[in-house]
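Peer 1: Pasting a structure below so you can have a look.
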Amino acid sequence: MFVKFIVQVFLILALTLIHFGVRSMHRNLRKQKSFLIFLFSALMIILCMSFPVAHESGVLMDLRIAPWLASFLYGGIGVGVLTTVVMVLYRIMLGGGGVYIFLVSYIITVIMLFFTYNKFKDKKYLTKLLFTSGIIIFHSLLVIFFVRMFKDLSFFITSPWFSFGFIVYPVLTNWFVVFIIETMHENDVLSHEVAKSERAHIASQLAASVAHEVRNPMTVIKGFLQLLRSDKQLSDKYQHYLITMELELERATAIITDYLSFAKPGKIKVERFLVKDQLNFVIQTLTSYALLKGVEIRCQDRMDCYIKGSKEKFQQVLLNIVKNGVEASNNNSFIDLETVKRGESVIITIRDYGHGMESEQIAKAGLPFYTTKETGTGLGLMVCYQIIKAMDGRIHIDSKLGRGTCFTIILPSEE
């Protein structure tokens, strides 16, 4: 019996590794992440159910619950439900006794997952282990209860060791599966971060050299433009031309400043400050600009939350993101700002109801020189990411085309 369990564990772990191997070898398959999770989870479940461990009492046991839970935890509710449908259909096709026990126990477990899934899907490794282990123990006890209750089906668990294995083997298998998935996912994230850092380093060197070379002649040009404007003999038409040229020159200077701040962030003055004050500053600064675009900036729940970092740099982050939101919004729209404190973190959300972004655009957001704006450089958001990272925080983007974008800034609280 133990050997059969080992075979099932080997099949599950091998297919889990193959799944990640296929994704890493074929980068274009990353877009079909949900489909791959469904495909491999369903395959693991079918193999486990095809080669079950039989007890002398007639009870059949397998480790299908480990890949089944993984389909929910890493694929989402949709993938999990689809995997459940495949599992149910295959169980009905296999026939035999205990179908009703199988259906009732899994229906109850699925209902439990629906109510608890959102609380645990994005948690840390240990929390996921405890959550999935709790679900497995609950499900196993549920099956044992039904087996003992329906004595007429002759499904008795007479051996306490079998009952023990009925719970422990799936839990241990689940630990292995979660460990492998979390480890491989962490390696993917680290590889992605290393690649981003290398690109950022190259871009910063290029930005610094270009910015310095261009800034010097621009300073000379600006000086001569100001001298020309002081000539009172020039007509209003030419004065207007000079003003336009100077404004465009200032815009170019602002772009170069973005390049330099990206290349050389400089020293940061660290202090403890109130988030509410910075939100008020941003609202006062951008309200006129937003009204010109037909957008209203609203702020809700301005709680007294303290964070630590550079006040000026944090203002730069808020101004940049809110300004981007205003530019992406339609006429008669809103920008909603909100601050909440959850545990040891302060969460600031900036939501617009504009064009929104595709998943590919979200993935590239924050990369140097990537922008969705015709006149942008892609460095403004990159600098925002750097500032928040320096403050031990992170930025999360949630967006849907036609519905708008929500930027979530998560920072450690300094109460």
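Just so it is clear, glycine is given a Cβ too, placed from its N, Cα and C backbone atoms.
Unlike curated records, TrEMBL annotations are generated automatically.
For 6-22, 34-53, 65-90, 97-117, 129-149, 161-181, the entry in TrEMBL reads transmembrane segment. Residues or ranges marked as domain 'Histidine kinase' by TrEMBL: 209-415.
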Peer 1: Would the transmembrane segment (129-149) count as touching the transmembrane segment (6-22), i.e. at least 3 C-beta pairs under 8 angstroms with sequence separation of 6+?
Peer 2: no
Peer 1: Same chain, outside the transmembrane segment (129-149) by at least 6, Cβ under 8 Å from its Cβ: which residues?
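Peer 2: For the transmembrane segment (129-149), the sequence-distant neighbours (Cβ-Cβ under 8 Å, at least 6 residues beyond its ends) are 59, 65-66, 69, 73, 98, 101, 104-106, 108-109, 112-113, 116, 120, 123, 155-157, 163, 166-167, 170-171, 174-175, 178.
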Peer 1: Over the domain 'Histidine kinase' (209-415), what does the predicted model average in pLDDT?
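Peer 2: Residues in the domain 'Histidine kinase' (209-415) carry a mean pLDDT of 81 in this prediction.
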